[in-house]
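Below is one structure, written out as C-alpha cells; the observations come after it.
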Amino acid sequence: MGSRTLQGLLLLFLPFLPLRGASAGSLHSPGLSECFQVNGADYRGHQNHTGPRGAGRPCLFWDKTQQHSYSSASDPQGRWGLGAHNFCRNPDGDVQPWCYVAESEEGIYWRYCDIPTCHMPGYLGCFVDSGAPPALSGPSGTSTKLTVQVCLRFCRMKGYQLAGVEAGYACFCGSESDLARGRLAPATDCDQICFGHPGQLCGGDGRLGIYEVSVGSCQGNWTAPQGVIYSPDFPDEYGPDRNCSWVLGPTGASVELTFRLFELADPHDRLELRDAASGSLLRTFDGSRPPPPGPLRLRAAALLLTFSSDARGHAQGFALTYRGLQDAVEDRTPPKGSAQTPAEPPAGANLSCSPRPGAPQAAMGARVFSTVTAVSVLLLLLLSLLRLLRRRSCLLAPGKGPPALGPSRGAGRSWAVWYRRPRGVALPCPPGDPQAEGPAAGYRPLSASSQSSLRSLISAL
C-alpha cells in the first residue's frame with residue numbers, strides 16, 4: 001500500500017483511532033531530559049562530579065588532560081562538547097557520560113557520571129531484579145544479538161507496555177503495575193553493553209534497564225500535552241523501505257516541535273508534516289534538507305507525521321519533542337528554496353506612491369548609473385564604427401607587411417597606400433615601382449593635394 005493511500009486512510013479514520021494519553025514513562029516529560037541518545041553522547045549539561053548525582057570525585061578540566069586520549073585539543077570543532085570546562089561528556093561513544101579524575105593509588109584516572117537527567121525519554125531507569133519474583137512478570141527471552149530495540153519489538157508484539165534488558169543478552173516484558181513494586185538501583189549499575197550493539201546499554205548483573213515499548217514504534221496516536229517521537233527502530237538505525245506515521249493531537253490551537261536529533265541517509269528518506277484535519281502539507285525534511293534549529297510552531301490542532309525510507313535507508317533517524325500551544329502563532333519562515341510572496345496591504349491602507357525617506361538619494365544614484373552606462377555604450381559604438389571604416393576603406397601596408405604590399409626598394413620609401421571606394425581610386429607608388437604596378441592597375445591616381453593630405457595623415461598615424 002502506498003504512503004499516500006496510507007495517509008488518506010489515517011485521515012479518514014482519525015476520529016476513531018484510540019487515544020493514547022500520558023503514561024508513567026518519561027516519554028511525556030521530555031523537558032526533564034538532557035539526553036536523547038541511549039549512551040548520553042549528546043549530553044551538554046553542567047554536572048562536573050562523578051558518581052551518583054554528582055556526589056563523587058571532581059572532574060578534571062578537558063583542556064588540562066593532554067596526557068590522556070581525549071582533551072579539548074583533540075576536539076577542535078567542539079563535536080564532542082569538550083572545551084575549557086570540566087563537565088561530564090562522552091567523547092568516545094562509551095555507555096554513558098564520564099570524565100577524567102585525579103589518578104588514585106589504584107591507577108583509576110576516569111569514572112562514569114551518574115546524571116539523572118541524562119536518560120533518553122522512554123527509558124524509565126535501572127531496577128533491581130532479584131528473580132523472586134522477577135521485576136517484570138511477562139514473557140522473557142535471550143539473544144546473542146540483543147539490542148534495546150530488539151527487546152522493545154519483542155514485547156511490543158506480545159502486547160506489553162514495558163520492556164527490560166538485563167546482563168547484555170536477556171529481555172523481559174511487563175506492565176506498568178510491575179513498576180509499583182520495583183526497586184530502583186543506581187544508574188551506573190546498568191552498565192552492561194548490549195551483545196548486539198557496542199554503543200547501547202542492556203542492564204547489568206541482576207539489574208534491568210526498563211523502557212516503554214512505544215520508543216521507536218512505527219505508528220501511534222499521541223494526545224498527551226507534550227511528548228517525544230522517535231524514528232522507527234530507535235535507538236537502532238531505521239531500516240530500508242519503512243513507511244510509518246504518527247498523529248499528534250495535544251490540546252491547543254497549534255503544535256510546537258523541536259528536533260533534538262536528525263540524521264537521515266539521503267534525500268530519498270523523508271519526514272513530512274501535514275495538517276491532520278485537511279491533509280495539507282506543511283513541511284518536508286529529508287537527508288539534504290534538515291529541519292531548522294530551535295522550535296518550529298505550526299498552526300494546526302493535530303499533526304500527521306509520515307516517515308518513509310528507500311531500499312538503501314540506514315541511519316540514526318530523528319528524535320523530536322512536541323507540545324501543544326494555546327495560541328495560534330505559526331512559524332511563517334518559508335522553507336529553504338521557496339519564494340515568499342509579499343503580503344497584501346490591508347483594506348483602506350494608503351497606497352500612494354510618494355517617495356519614502358532616502359528616496360532622493362536612491363534616485364540620484366540611479367541617474368548617475370544610467371548616465372555612465374549611456375556614455376559607455378556611445379563610446380563603444382564610436383569605436384566599432386571607426387574600426388569598420390578603417391577595415392572597409394583604408395589598407396595600410398607597413399614596411400614588414402606582405403610582399404605584394406610591401407615598400408619599394410627606393411630610398412626614403414617605407415610604405416605604400418591604396419585608398420579604395422566603390423568607384424575605385426588608389427594612391428600608387430611612384431611610376432616604375434614594381435611592387436605598385438600590380439595593385440595600381442585599374443585605379444585612377446589621386447590629385448597632388450589629395451596625395452599630400454593622405455601622406456600627412458599616414459605620417460601622423
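For all residues, glycine too, the Cβ spot is worked out from N, Cα and C.
Just so you know, TrEMBL annotations are computer predictions that nobody has curated.
Range 329-357 is the one annotated as region 'Disordered', of 39-67, 329-357 (source: TrEMBL). Only one of CYS35, CYS202, CYS218, CYS244 is recorded by TrEMBL as the disulfide partner of CYS118: CYS35.
In the disulfide annotation of TrEMBL, CYS171 is paired with CYS151 out of the candidates CYS151, CYS155, CYS190.
Candidates considered were CYS88, CYS155. The record in TrEMBL pairs CYS113 in a disulfide bond with CYS88. Rounded to the nearest whole angstrom, the C-alpha distance between CYS99 (disulfide bond) and CYS88 (disulfide bond) is 5.
The Cβ of CYS126 (disulfide bond) lies under 8 Å from the Cβ of LEU184, ALA185, PRO186, ALA187, ASP189, CYS190, GLY203, GLY204, ARG207, LEU208, GLY209, ILE210, each of these being in the same chain and 6 or more residues away along the sequence.
Taking all protein chains in view, 28 other C-beta atoms sit within 10 angstroms of the C-beta of CYS113 (disulfide bond).
Mean pLDDT, taken over the domain 'CUB' (218-325), works out to 92 on the 0 to 100 scale.
Within 10 Å of the Cβ of CYS190 (disulfide bond) there are 26 other Cβ atoms, across all protein chains.
The residues of the domain 'Kringle' (34-118), classed with DSSP into helix (H, G, I), strand (E, B) and coil, number 6 helix, 13 strand, 66 coil. For CYS118 (disulfide bond), the number of other Cβ atoms no farther than 10 Å from its own Cβ, over all displayed protein chains, is 25.
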